[in-house]
């Protein structure tokens, strides 16, 4: 049987990139159809296909890496580069929304009353729930680091406990933020204040949910003995993403909640 | 997948009776003390072969940078190969942009047509 003489992974043909592209097409056109004709069928179909694609593609990666041993050190290095580049692209994504916020808030127009916060907007007290949210995310950063060290030191029970705690803190943040959204005295339709507030914090909240899901998958994998004390890149990627989400919140808190109030 | 579902619904006791094994608690024979496996215990496939070889000081999959040789007749560049010939690209001097390519065959060391450095093919097997 011919074996490769290099340490890289030549991936077998896979249908998931195609199904992912089709899902993107159905979601975008479905969004347009929803806006004009008030039916969600196409968009829902696209969303379903997206979820199926993600599940099957990442399941295949786990099979290739953990069960078949294709993730040699050079392959792992490539995955690290990939995750770093992806997170960098997300940084730029949020930079855009921060740019929008500062553009509108540093030189408030006469229509807003020439001041920030604009006339008529009652801002949230940054030292109430938003401060609690900050503490929750910072604590989750500590617990995820605890989980990492537990894995590296071979401590299974501690790894599972600290990872579970991290996920619970993530849920707590999401629940608190959902409550804040419900109780807020302003909406997304309340001028540029509402737009910048809810789009920036809203996308952040979505990333918290994504990050919590990623960590939850890691918890399931850890419980099933996928990770070794030296090789657990899936977990590291989730932890990097989680720290990124935490840092974005800190910038949101300082800029929008505190300075902007 | 159907087989998996069947296994899940079939009581353990029935399976044991069929298989003739005595009931005993599942043991993870290889898990290290804390409960998280090590690469030594669990790495598989190409990753395992790579790690085992590196532990023995060997690099059959060319992961590390090639060793430095002076390239003289007594200290030729050693070129590992799984076959009886391998392509060599000689960077005659540092920062050269033109690479000198040639096939290196097994047997007598060959010299780079441009700078004259000596190269010797050395056969090695891939671990399996």
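Every residue, even glycine, has its Cβ placed from backbone N, Cα and C.
TrEMBL labels come from automatic prediction, so no person has curated them.
Listed features, source TrEMBL:
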MOD_RES   B:67  N6-acetyllysine
MOD_RES   B:85  N6-acetyllysine
BINDING   B:90, B:92, B:112, B:115  Zn(2+) binding site
MOD_RES   B:120  N6-acetyllysine
For residue B:85 (N6-acetyllysine), the closest of the binding-site residues by C-alpha position, picking from B:92, B:112, B:115, is B:112
Candidates B:67, B:85, B:120 (modified residues); min other-Cβ count within 10 Å returns B:67
In the three-state DSSP scheme, residue B:90 (Zn(2+) binding site) belongs to strand
Three-class DSSP assignment, residue B:112 (Zn(2+) binding site), comes back as coil
CA pair residue B:67 (N6-acetyllysine) / residue B:112 (Zn(2+) binding site), Å rounded to integer, equals 18
Row residue B:92 (Zn(2+) binding site), column other C-beta within 10 angstroms, all chains, value 15
One residue among the binding-site residues B:90, B:115 has the fewest other C-beta atoms within 10 A of its C-beta, namely B:115
Between the C-alpha atoms of residue B:90 (Zn(2+) binding site) and residue B:120 (N6-acetyllysine), the distance in angstrom, to the nearest integer, is 13
